[in-house]
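Student: Reproduced below are the annotations present in TrEMBL:
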type: SIGNAL; residues: 1-37; note: signal peptide
type: COMPBIAS; residues: 42-71; note: compositional bias 'Low complexity'
type: REGION; residues: 42-100; note: region 'Disordered'
type: COMPBIAS; residues: 72-82; note: compositional bias 'Pro residues'
type: DOMAIN; residues: 249-346; note: domain 'PpiC'
Amino acid sequence: MYRTVFEIIGGVTRRSGIIAASLASAILALGTLPAAAQFATPQTMPQGGQQQAPQSAPQQAPKPQPQQQAPRPAPQATPRPAAPAQQARPAEPAPIAPPPARSVEGIAAVVNDDIISTSDLTARLQLALVSSGLPSTAETRQRLTPQVLRGLVDERLQLQEATRSNISVGEKEIGDAFARVAEQNRMDRDQLEKMLASQGVPRSTLESQIRSTIAWGKLVQRRLRPSIEIGQDEIDAVLQRIQANAGKPEYLTAEIFLAVDTPDREDEIKRLADRLVEQIGQGASFPAVARQFSQSAGASNGGDLGWVQQGQLPDELDTVLRELRPGQASRPIRSLTGYHILLLRDQRTTGGTLPPRDQVMASLGQERLDMLQRRLLRDLRRDAFVDLRI
């Protein structure tokens with residue numbers, strides 16, 4: 001699931017207060033598993049880890065064929081007008097690098113029967129830049145454009161699947177979420193809208209992202225959450241591991257995870273990971289970048305993984321984590337499922353206190369839910385007609 005909560009950084013004042021966590025608490029609760037009461041306890045469940053979905057995610061796309069560049073024309077491009085992001089644009093964002101010549105009639109992509117306009121892409125790219133703190137240079141825009149466009153494609157696929165499941169999102173839900181973002185950042189709706197406009201982002205761009213987040217959250221809650229069952233043996237295994245590691249180092253860690261769903265995206269994702277590491281090293285906010293680009297379960301919390309014990313993460317991540325100094329971010333680390341960027345926030349020696357069983361169950365459940373969401377989105381991509389024109 002592409003992250004849809006973000007930190008908007010104002011250009012004049014240090015307004016890094018329009019925070020994605022506000023939207024996370026208001027919206028993403030639909031797709032999280034905060035309460036142990038949500039889970040059944042089966043007899044036959046495989047044991048899982050405590051923190052990272054990648055540990056229990058052998059669900060890499062089994063079909064390597066890319067679906068993006070469909071050979072047939074896109075008759076769907078004509079029936080509908082450009083997307084609403086073109087309406088009532090209060091301010092023009094900084095220009096992006098010119099699109100290739102094959103982008104015609106203002107269409108950036110066709111997703112089944114939906115169109116993503118070039119103005120949709122421009123506005124979302126601007127939002128990605130101001131929310132992550134990345135520099136608004138032609139080079140950065142050019143490098144981010146493919147990833148931002150793929151994020152928009154995924155949102156359309158999510159909305160289409162929600163519609164097929166008779167899930168709708170009302171204007172009141174969107175308005176309430178917009179208002180909560182404003183309120184939690186000590187603004188009213190008009191002030192938030194003006195702040196967005198000052199950065200070249202139409203209100204409709206944020207509302208579009210809110211809509212897809214709510215719809216996907218409802219779908220996840222209805223279709224995926226009921227299937228998640230955590231066994232008592234899984235909880236016991238986590239508690240035993242914590243107890244066995246008493247007295248060992250423990251790391252307060254954050255993560256940016258970029259999935260490599262198909263082999264043809266390997267180079268693209270690696271370049272993006274390198275670029276994000278470069279910008280973080282130059283002062284970009286790690287939590288803001290995680291909220292906008294990461295695909296891990298903790299992305300809405302700035303990539304926060306909490307306290308991680310030595311040996312808890314996969315070997316390739318654990319080895320790098322132990323070499324970091326507090327405040328240092330890692331290079332991109334390749335795992336079975338994609339690229340990880342780790343941030344070591346703090347370090348301490350593990351105590352002997354065990355977390356409550358309900359807390360362990362919730363952590364395992366959220367990990368399982370994240371895996372199922374990624375698998376569902378992968379299947380939607382595989383079965384879709386997607387024509388990328390940029």
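Each Cβ is built from the backbone N, Cα and C atoms, and glycine gets one as well.
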Student: Tally the residues of the domain 'PpiC' (249-346) by DSSP class, grouping H, G and I as helix, E and B as strand, and everything else as coil.
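Tutor: The composition, in the requested order, is 39 helix, 29 strand, 30 coil.
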Student: Roughly where does the domain 'PpiC' (249-346) sit in mean pLDDT, to the nearest integer?
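Tutor: Mean model confidence (pLDDT) across the domain 'PpiC' (249-346) is 91.
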